[in-house]
């Protein structure tokens with residue numbers, strides 16, 4: 001028997017499609033079927049009548065209840081297992097003999113193809129008109145559904161291939177988008193890799209610099225061990241002498257008490273009419289004690305007032321006229337930001353460069369470094385002219401003699417050395433400071449040098465008598481800089497105690513104190529006119545002070561890194577500061593414009609304009625001297 005049913009209908013509910021046979025056409029709800037895609041295929045299912053081909057087998061009851069067999073638990077278990085195996089064998093043989101029906105698929109009919117095409121294209125009105133005409137023609141017998149024919153397989157195959165092609169094209173588009181996205185991610189990761197590689201190289205360079213610095217610091221500290229041993233031995237000797245003096249003092253005190261006791265008894269005896277040799281002896285003892293006390297007082301005065309003693313070779317202080325001949329040697333517009341560019345970079349030393357000085361008449365600069373040497377350079381060519389060594393520790397400060405024929409350097413070995421270029425050697429060394437000396441500065445007359453030291457003092461040295469003329473005590477901590485105002489007798493000092501002080505070099509007395517910094521001061525300097533002072537501290541704060549009112553007029557925050565040095569342009573309109581953030585801060589005082597200059601690879605230690613305002617030099621921990629013009 002053969003039946004034909006509507007099978008393989010996609011997305012169509014049971015209410016929309018009804019089963020039809022050979023004599024009745026298919027009835028479809030057109031209102032719902034046009035909204036969803038569907039496909040109709042004709043299939044034949046052959047029904048197989050099995051009849052009673054399956055053979056049933058009766059199982060006798062006696063097999064389960066055999067009285068002859070032994071009624072034990074083991075026997076019952078064996079019987080049950082045997083029966084299960086027999087039933088499995090019977091079931092397997094029976095299932096193997098059951099025939100199954102075959103399913104054949106016929107090609108799609110032409111009318112079904114048309115319907116599917118119209119539904120797929122969304123042609124609802126055409127689909128409705130086609131259904132109506134097809135139904136009318138089928139009703140009058142002009143179209144026989146069984147003789148309409150089937151769609152060739154090649155057409156269906158072409159459609160399937162077209163569908164696969166569309167799917168593959170969509171997959172290709174999706175893969176193409178994924179590839180573009182992957183390419184963008186790759187480029188991004190490549191940039192990040194380059195950035196991290198550069199960052200790694202920078203960190204490695206800094207690490208190498210730190211390793212080199214630590215090695216240099218260890219070698220520097222190793223030089224202090226013999227000095228510490230020497231100081232320890234001196235301390236032990238001083239303690240022993242102290243104990244000896246203490247014992248002598250107690251001994252003398254006992255003798256004095258005995259003498260007092262003897263004098264009282266002598267007076268008593270004299271009243272009783274005894275002779276006077278004892279009184280003469282007591283009188284001699286008293287004279288000896290008075291002479292000893294007077295000698296001690298004179299020695300103390302000699303030690304405290306030795307710096308104030310007169311010397312026939314002492315230089316006379318120049319008269320302070322207040323005239324500065326450098327004020328009229330430059331134009332007001334001699335320097336602009338547009339002309340401030342890096343002209344030359346010089347690899348100067350093997351260690352950090354702490355300070356530099358510019359020759360007063362020639363294009364020459366001198367640098368000093370932690371490698372215990374100084375070097376003279378031609379500006380801006382960068383050729384080394386001369387080199388000097390002589391200090392036993394790092395060199396911290398330098399300054400030219402106003403004539404340009406001499407030079408002074410100071411060092412961590414507590415000494416100040418005077419170098420004569422004509423003799424090509426050090427001609428004198430001052431050794432009165434007790435701790436490292438941070439800066440030196442010549443007087444405009446060339447006869448005096450001011451120095452600042454870690455021993456909390458500022459000293460004034462006479463180059464003619466070769467001695468210390470004045471010791472200025474007033475700071476409570478290390479003094480970092482001392483500068484003489486040009487063509488004047490005023491000294492400006494800055495200290496770790498957060499103050500600046502103005503001193504009279506002739507008397508050694510402090511005239512004014514500038515208080516306002518909250519961090520240790522690194523340097524202070526005058527402008528060329530002498531009416532304004534600039535100072536910087538360890539947190540990057542730079543202050544401008546009015547000398548006449550002794551008050552701060554401008555406060556600039558270049559922090560949080562330390563500001564190590566400041567310098568005025570000769571016009572007084574520009575201020576530059578060396579910062580530990582590897583930049584130079586150029587500040588226009590009139591326009592209040594700040595311009596950072598980046599070139600150094602490490603902390604900038606020192607900046608200085610020349611007296612004509614034509615160029616500026618800077619030094620740093622990167623061991624370079626840079627010329628800006």
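Along the chain as shown, residues are numbered 1 onward.
The backbone N, Cα and C atoms fix where each Cβ goes, and this holds for glycine too.
The stretch that TrEMBL tags with coiled coil, taken from the ranges 88-122, 123-157, 158-192, is 158-192. Break the repeat 'WD' (346-387) down by DSSP state and the numbers are 0 helix, 24 strand, 18 coil.
Note on the repeat 'WD' (565-597): mean pLDDT across this stretch is 92. Within its own chain, the repeat 'WD' (597-629) is flanked in space by residues 209, 326, 329-330, 334-335, 339-358, 360, 365, 367, 369, 377, 379-380, 382, 562, 564-571, 576-586, which lie at least six positions past its ends and keep a Cβ under 8 Å from the stretch.
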